[in-house]
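In what follows, a single structure is set out as structure tokens and then discussed.
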Amino acid sequence: MAKQVTAILVVHDESVLALRALAAIQSQTVSPDRLVVIDTSKIPTDFPVPTLSLSASAKLGQIVATAVSDLEKAAEHWYWLVHDDSEPRPDALAELLAAVATSEKIAQVGSMQLSAKNPRVISQLGLTLSPFGELISPISGQLDQSQHDQVSDSLAVSTSTMLVRSDIYELVGGFDDRAPAMAADIDLSMRIRRHGFRVVVAPRAKVVHAALSLAGKRSNGWLQGSPKTAMRKAVMHLHLVHDSLPLALLYWLVLPLLTAYRVLWRLTQKRPGQIWPELRAGFWGTFTLPKRLASRAQTGSSSVRVLQPLRASWSVVSAHKRADLEAEESANSLAAFERGDHEALTEERAKKFSQSAGWLFVFLLLITTWRLFPMSVALQGGSALPVSQNWFELFARAGASWQPIGQGFFGPSDPFNWVLLTLGSLTFWSPNLSLVLLLWIAPALAFITAWKALSLLSAKAWQRNLGALTYSLLPAFGLAINSGEYPAVIATITLPWLVYSIARAAGIGRRGTARSDARTWSWIGLSGVLLAIIGASSPTLGILALVGLALAAFTKIRRFGYLFWIPLPLAAIYLPLAVYQIFVVGNPLALLAEPTLGIAKSATALAAIADFSLWTSWSLAIITVMAAASLLIRRWVVSLVVASFGILTFAVLEFSNSISFPADLLSVRAGLDRVNSSGHSLAALLGLTAVALAVHFLASLNRKLVLGSLAALMSLATLSLAWAGLTSTPKVSASDGSVVPLLLQKQSELGTDLQLLTIRKAGDRYQAELSEISGSNLEDSNLAYRFSSKQTEVSNAYVELSGAVGDLVSGNGAANAEVLKANLIGYILVPNSPQNAELVSALESSTLLEGAGLTPYGDLWRVLGTSAEENPATNQNPWSITKAIQLLALLGFILLAVPSRAKVRRAKDTAIFIDQSESELDV
């Protein structure tokens, strides 16, 4: 019996393409018996044939049902579905019908889809699934050379120009409107197969398909989201509908964890654009389970295992991935050619670090800090103070959560605590050890990062070596190292690295733009992490870094979409403190305070740069003169920009040194009320600009005699700085990491809420410091607490405790024991000092105290009436929503920063559904 065909043209907002599709249908060598045009456009198209209009939100199942509502469903009646972005060849329908005639079990036939950009290229020939359920087009990207002209079975076919038997279509329930748009075709084909019928492709039936949905050129309403979201929804739908019920429910239960895993995996793939689709699809799959279960009603009696032979093997998936990586490399190479990057190949190639004797200079720099060679597990003195010896305590102090400082409060910690946590994690068994190692290898690390940054200006290895050596020996850097000023040391090390990473992300300098999207995102991730480190170490330097980032973004406006994300980690860790200082404390200038020991009085910017001596002055003068000379070279515009930034840095340095802040933990112990910034972090930026200008000047010279003379002069300046560093005496000394007597350490390890009250005499007054019994460590220096001290002083609890301390130091016997007990004060410590002699006598006369002996930290008393047994440790939750967000932001950018590069090998096939970075581990 002759086949009857009803052609259904589906139109959605593509009037021009729809008219072409209509003309193609009408020009078929075998004309359909009936033509139905369904228009779901927001603005209806004027067709020369009768048209049925439906809502723009109508699904495919409703569209087909409307088109065939008055037709009898029979074996000889077939539906030919044509999308508005399809243009069938004149013999397409005839070839589809010829394929149907080969077997009575065939219920659905798909055509060969050709690319609209190049009709000789196959864009799709059937669909299948990977072992983990990802949608794959097994044949795509190949030239059509009649190599696939035989009718063959396929797991599924696309809805575009498919031919389906009407009675089987009704038997399986037609298109499931509960299914996401991208799953409708595979879901229908799988149900047809599970009912015992065949699905085949007819390669001779050709259609030019624009694939607007896959290209993201349809409205989001058509796909209910972006193409990436729609694809992920399709995978979830097929799992929940076609897997066995136990497996489907198990998949649904682990879906939140699976979504979290895929988000992390996308970050490691450097595909942050995939994160939101993953989250949105995961949320959709989790909360639409009833609809997915309802879709299982007409899946067929056959097990999904019968489809296993038609699914893609691992080798096919791997071939697709390799082919897509090849395509990406080709596209990146073409883009690089268009940018002119190929011209850089004719320039002088820069030597690698190891080829430039870089490791020799690293070794020599380690010798200059021989006095800081790690001989202990911790350091103290100067600005250095040990961190907690327990990594979990270090973690508890990071982020916005409960802060056990003073009488305790809930608020933000110093952003620098995140840096301390990161360093402590490198030697988690002994967090202090990483800080000891840091001071020893700091000049070597600064040399490496400066060497990378200077590669943006010069290809000459000796010029980069000389400039990086000068930067690593800057006097301000040496002062910061010798005093144990960890924030300034870290800022000096990471600053050149930040400059280099932002330049690579923006395409500035000799190296140009990163050659792939994944590499660009890797630089963005690294820049974000480094900016957060610098901002946490020195807020003023962080502000200048943001100014530089903004300048780079507007210089390379096409890269703005990438560079925009760099400040995100800094915002995550700094926003809670900013809100607290502005709205709670009411002091916006508090955001400029550095998390370190400042200086006792205001100093000039020059004093912050170096402790000037004769040779140091001459050395810095030579660098400054060479930097100024760079304004006279051919590329003076670059020099002017860098010099202007240096002048701005000097002005900010002067301004920051004119502002005083409440004293930090160590400054208070030294008897100071107000301190100023040391300025060492800003001096690093000033030094980097001067060194960069000097290297830029050397790179512009061609006369060997002049170049050699200036190089020798700069080398002498570097040797002078090296000698100053070699002969300097560190202010830090070895420590075992403890900050309280052994008795208190042991009680702290057993777990107790008892507090330690440390009292000392400072001039004509007394100072009292309340801390946990384990003492105050570096991470306990809290900016929020420092600037809210005036508010704390007027609280009733503070006034009562101050009165009790006053009674104790006066020895009048009127001290209130209940106040000490209410504040859980278990011990009182008076540091060893001649000026504390009267204080010791007063405390010895108190009937509330019991002597616990003389310790290396001073005289210790036990408060009677309090005990560790009566006050066990209260477990404060170290987490908060804010802290979780901060941690996720940091971890996300760290994963983004980790470099990765997949190997590309030749492959014959490509995939259109598995993206260019899909892993074999994707599920």
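Glycine too: its Cβ is placed from the backbone N, Cα and C atoms.
Per TrEMBL, transmembrane segment is recorded for 245-264, 357-373, 433-454, 488-506, 541-557, 564-583, 603-629, 636-659, 679-698, 705-726.
Across 245-264, 357-373, 705-726, the stretch most heavily in contact with the transmembrane segment (679-698), judged by Cβ pairs under 8 Å, is 705-726.
Here the transmembrane segment (357-373) has long-range neighbours at 436, 439-444, 447-448, 451, 461, 465, 468-469, 472-473, 481, 722, 725-726, 729-730, 732, meaning same-chain residues at least 6 beyond its ends whose C-beta is under 8 angstroms from one of its own. Among the recorded stretches 245-264, 433-454, 705-726, the one sharing the largest number of Cβ pairs closer than 8 Å with the transmembrane segment (488-506) is 433-454.
Counting same-chain residues at least six beyond the ends of the transmembrane segment (564-583), those with a Cβ under 8 angstroms from any Cβ of the stretch are 272, 399-400, 411-412, 414-415, 418, 502, 505, 524, 527-529, 531-532, 535-536, 539, 542, 546, 549, 553, 590-591, 783-784, 787, 882, 885-886, 889-890, 893.
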